[in-house]
Amino acid sequence: MFIHNKRLQYTVRVARPNPGLANLLLEQFGGAQGELAAAGRYFTQGLSEDDPGRKDLLMSIATEELSHLEIVGSIIVMLNKGAKGQLAEGIEEEGELYRAINGNGNDSHITSLLYGAGAPLTNSAGVPWTAAYIDTIGEPTADFRSNIAAEARAKIVYERLMNVTDDPSTGLFDDP
């Protein structure tokens, strides 16, 4: 069973809107190395596990991954909120914002407009999340090794994301 605590595990904040970074963070939200894929992977492995201790461990990790999904999603929304407000202000500001965002070579303006600054279940290229991202074979040793590799890949993506922002208040990058 799941219980939702209405308080985020970590306080997250952003200094200013940054739809480009929000778009990149979608990789960790709805991408192959993202938190939803991780939660699904641990959850499905836990469901099929016969050993009560391993089952409990996998289900606990799945729950933790869902909290990470909530944190990343909250940051994405915060990074897009100002952009949404700017887009609502007027045609001149909309055009200026569109040019600024489009000049960075990303489609975050599309994400912001289509999803109301929310966090869609897509990766940064707009590819929808798919259950194909969930990697499980039903053999504990193979699954745990796969999980270790997936966590390493996710860590690499987070490290790369840290290198593309100068926003010191983005809570995603603080050590727990």
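Glycine is no exception: its Cβ is also placed from the backbone N, Cα and C atoms.
In TrEMBL, the Mn(2+) site is described by E65, H68, E151, and among E27, E35 the residue recorded at this site is E35. Taking CA atoms as the reference points, E151 (Mn(2+) binding site) and D56 (Ca(2+) binding site) are 19 Å apart.
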